[in-house]
């Protein structure tokens with residue numbers, strides 16, 4: 001390995017984990033038989049040659065490298081060159097250095113790494129949701145219409161969470177501390193989104209039969225607790241070493257507010273006899289893609305079936321991102337229709353308290369920020385302690 005690469009990795013305090021005899025450029029892992037069969041299968045599909053090349057991973061990597069060639073100092077590594085906590089299950093190649101500069105991280109989104117599509121699958125949809133927000137804002141006098149404020153809060157959350165996710169996937173590899181900070185922010189964005197969804201449903205999609213029940217009266221209060229607990233649990237999971245516990249804490253953290261959010265919609269879908277079929281279809285599609293999110297997160301398919309073959313294109317995390325965006329899209333469409341068709345019912349008979357859209361939303365937002373700051377301090381202490389132990393060894 002060149003001295004330049006050694007210096008970069010030693011700055012991340014992981015030199016002992018690198019193989020001294022490795023070259024900077026790494027090839028794909030063996031098992032050409034699976035890739036040959038996969039490429040043969042793709043070649044038989046009745047699609048254009050250009051589309052086929054997107055599925056042939058070597059061609060994909062070459063195509064991305066032609067768009068903007070990787071600078072000489074951006075090197076990619078195999079999983080065996082990195083410490084265990086920086087590896088992803090069944091992703092064997094395409095890792096960036098754990099001590100990239102911010103410039104290198106920014107340039108890396110234009111070349112083929114195992115994070116490239118993780119960035120684009122959330123960065124591009126951010127602008128789609130921003131466009132929808134501006135269209136809605138421009139078409140209606142939302143400032144003077146408190147009825148629309150819960151929807152505006154929700155729209156801000158669906159612009160924030162994919163943007164933070166895209167930035168996290170881009171810049172987390174600058175240092176171990178940056179990795180913690182960016183993913184704390186990522187969890188915070190998702191926690192805020194879970195609150196925004198509940199606010200949206202309570203304002204526009206709540207079943208009339210449940211509004212005056214104990215569940216209806218305390219739906220938002222419980223949601224606040226779950227959203228803040230979601231952020232707390234997900235951030236705490238970054239300090240765990242057991243992979244099973246990490247999965248339980250993170251999956252449970254986001255599953256609990258999601259389940260609570262969806263109870264009113266599930267009730268309407270299962271009991272309502274006058275629900276618009278188009279609205280119902282959008283809700284069903286939202287549920288389908290939501291279950292896809294949990295499936296891809298828990299299973300790590302398809303890369304588990306062929307480790308190393310989905311490092312750059314088509315792995316579970318990319319499919320998870322796409323499923324999440326599609327679920328959000330159909331959710332937004334469904335509630336937009338509910339917001340228009342149920343306005344008289346919800347505004348006149350069950351007016352939504354304005355303070356939930358302003359004061360409580362502000363409280364949730366700043367509490368999430370405060371929680372993240374606490375965990376950043378804890379992460380700094382954790383890193384200092386780890387460094388001291390390394391020096392003692």
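Note that the numbers count up from 1, one per residue, in the order the chain is shown.
Just so you know, glycine gets a Cβ as well, placed from its N, Cα and C.
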Range annotated as transmembrane segment in TrEMBL, from 47-65, 66-84, 85-103, 218-236:
218-236
Can you dig out which of the ranges 5-28, 149-172 TrEMBL describes as transmembrane segment?
149-172
In TrEMBL, which of the ranges 184-206, 253-275 has the transmembrane segment annotation?
184-206
Of 280-298, 299-317, the range TrEMBL labels transmembrane segment:
280-298
From 117-137, 327-347, the residue range that TrEMBL assigns the feature transmembrane segment:
117-137
For residue 321 (Zn(2+) binding site), the three-state class that DSSP assigns:
helix
What residue among the binding-site residues 169, 317, 321 has the most other CB atoms lying within 10 A of its CB?
169
If the Zn(2+) site is taken as the center of the Cβ atoms of 169, 317, 321, which further residues of that chain fall within 8 Å of it by their Cβ?
115, 117, 118, 119, 121, 122, 165, 318, 320
